[in-house]
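**Q** Please read through the structure below; I'll follow up with questions.
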């Protein structure tokens, strides 16, 4: 059973790797090894003890290591396609957030769950996706403040959220159960002044990508258009900001990948990524990347760099989208 669970964790990596044509031969080899191991595992179910467990376990570990090493060779990329969703669970109200930590170790797959967009301070923790699906809660946290919106993020062991009825960002440590930092996001609108189209006090969107921690919001100074700020993860100080020309109230949801903000045109049917803004070049472009809004009301959409997937809360459904990025693959000669 342990080995089968290990295999289930590895299988989702294959569609990601298949994006990269230059590694086609290596991918084929990986897929063949997985098929071989799956056959052996099936045999074990039929006749316990027919194979050496330690040897089999080592083969799985070695394969996982090689897959992870291959993933690490992929540099930051540009969003090309969104597929799915995969429905993980149906729970909670129409609005909420669920997430994993992109900086957690490979063996740490804790899930955090925050139901509703206001009037709540309870964060539920699960040790794994499997426990989340089954409802086997491992711990709850009673935050010192209520949160606003659904645009929280867990990053490097801490929860970052917008304090209710304020433009204050809170950094809360799960390990100590204490607030490590709090800071006002200067000029940021709050309490449904500049929310996403669905409302829900979604004025301030906190997110993380391969580069670091970000806040996406709007100000009067920028005429209600989106401002992107990179944050210091320890002090919450704004390191640098970019003013875009996209009105925050016209955006369905948004997320960061590799320093580029991707904005959806709607939280309802017919949703697509309509606009992107690169903080690297300080330029924008209009895009047309559709995705399937299966349950017709998205109130949270966040990218996880470790999983290379989008986590979404879609009308009381917790779902995952796979993303296809245009990548450059690093070689040993790259500096």
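Backbone N, Cα and C atoms are what each Cβ position is placed from, and that goes for glycine too.
Please treat TrEMBL annotations as automatic predictions, because they have not gone through curation.
Pulled these features from TrEMBL for this protein:
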type     : residues : note
COILED   : 27-73    : coiled coil
DOMAIN   : 75-327   : domain 'Olfactomedin-like'
DISULFID : 76-258   : disulfide bond
**Q** Restricting to the same chain and to sequence separations of six or more, state which residues have a Cβ under 8 Å from that of residue 258 (disulfide bond).
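**A** 76, 77, 78, 209, 210, 211, 325 - these are the non-local Cβ neighbours of residue 258 (disulfide bond), listed in sequence order.
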**Q** If you draw a 10 Å sphere on the Cβ of residue 76 (disulfide bond), how many other Cβ atoms land inside?
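**A** Cβ-Cβ neighbours of residue 76 (disulfide bond) within 10 Å number 16.
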**Q** Give the mean pLDDT for the coiled coil (27-73) on the 0 to 100 scale.
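**A** Averaged over the coiled coil (27-73), the predicted model reaches a pLDDT of 68.
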